[in-house]
Amino acid sequence: MLPRKSIIPEEFAFSPGLVSPIHRKPVFRDRVNKARFIAKSGACNLSHKNIREQGRFLQDVVTTLVDLKWRFTLVIFSMTFLCSWLLFAMFWWLVAFAHGDLDTNRKPGVEQCFTNVNSFTSAFLFSIEVQVTIGFGGRMITEQCPTAITVLILQNIIGLIINAVMLGCIFMKTAQSHRRAETLIFSRQAVIAVRNNRLCFMIRVGDLRKSMIINAVVRLQVVRKTTTPEGEVIPIHQIDVQTESAVAGNSIFLLAPLIICHVIDKDSPLYDLSAMELQCSDLEVIVILEGVVETTGISTQARTSYVTEEIQWGHRFVPIVTEEEGVYSVDYSKFGNTVKVATPRCSARELDEKPSILIQTLQKSELSHQNSLRKRNSMRRNNSMRKSNSMRRNNSALAVPKVQFLTPEGGPNLAVT
């Protein structure tokens, strides 16, 4: 059987002017688990490979020692002093050997270069006494050995340099800026909600110490993989994101926990993302908090990041600052708590093009809130009526029963209630 021809001629069947456009739902790809660029603790998830010029690290020895782990730093600290003691112990032993102090058959009356230095062990102990200026008094240099005096001066100078370098490295390592950053905290989740009739991306930051961070600055960056029109793939494309205090250089007064807000406008990389598209994207929002420590004057930096699974759409942070007896109190147990609020699921671009979406969302939220209040009031009335009915039943059950007394010899019965 031949197929029946269409009424519309074939040359007009797919004409864009005659056929109405078909609106298809956007197809979202499954999100691939991407490694995050910055960990929640602030550590950079980056490894350096195939570095050929390793000698560049030795040109900056102090920074290399400070960047090492504590176990390596302590080993280098101990081995540096031990090697210097052994090296100069060898020098003292050679000077004593050349002067003849180690000869047991030396002529009487010849003055020694050292006193009580008869072996390498005693030379090693003498080297320690010289460098750390212990000065037990049993070993010393005489005036008959200018070479020993030169070695003494040389060991004192080198010992002071070693002390200055190693103690400076230990101090810098213990007073590193990231130690202060341990008490700068960020909320575990970021939220997107409507604030001042605009869709906003918000996080919360706080400082656990009473000493403040001076000139605190918050910077936001969006890291994502992008491809240029020329086909170049940029695996880590960093896009700066402005916050509400961009006019003042993002400077904040971090006295109490603050909510950092980014308005999703046309210049924002989140402008075209809806709630569903955000979950399917592979972007990462990096938050950097910088400032100067009030007590030490050292600059510090705290970092964290939020991937799409950690961004809650339609939530808002609960307030944690209250006034109690004339003092503002901060409840850090609710630092990361959020609550659901009415938020359109569309992108910020659609919200700007159709402001009625926000009005409809707020109206639906108000109606649902009123319905929930009505249900709650009706449930309270029902509970109160049930309680009153149960109390009535209990009161009727507690009424005094009638008691009958039988009179003797068939007398009349007396009923007493």
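Just so you know, glycine gets a Cβ as well, placed from its N, Cα and C.
Caution: TrEMBL annotation is automatic and unverified by curators.
The domain 'Potassium channel inwardly rectifying transmembrane' annotation in TrEMBL covers 38-176.
Under the heading transmembrane segment, TrEMBL lists 74-95 (among others).
TrEMBL lists 148-171 (among others) with the feature transmembrane segment. Long-range contacts of the transmembrane segment (148-171) within the same chain: residues 61-62, 65-66, 73, 77, 80-81, 84, 88, 91-92, 95, 99, 113-114, 127, 130-132, 141, each at least 6 residues beyond the stretch ends and with a Cβ under 8 Å from a Cβ of the stretch.
The annotation domain 'Inward rectifier potassium channel C-terminal' is assigned in TrEMBL to 184-354.
Among the features that TrEMBL reports, region 'Disordered' is placed at 366-396.
Residues or ranges marked as compositional bias 'Low complexity' in TrEMBL: 380-396.
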Overall pLDDT of the domain 'Inward rectifier potassium channel C-terminal' (184-354), taken as the mean:
87
Chain residues outside the transmembrane segment (74-95) and at least six past its termini with a C-beta under 8 angstroms from it:
65, 68, 102, 113-114, 117, 120, 123-124, 126-128, 130-131, 145, 147-148, 151, 155, 158-159, 162, 166, 169-170
Mind checking how the domain 'Potassium channel inwardly rectifying transmembrane' (38-176) divides into helix, strand and coil residues in DSSP?
82 helix, 6 strand, 51 coil
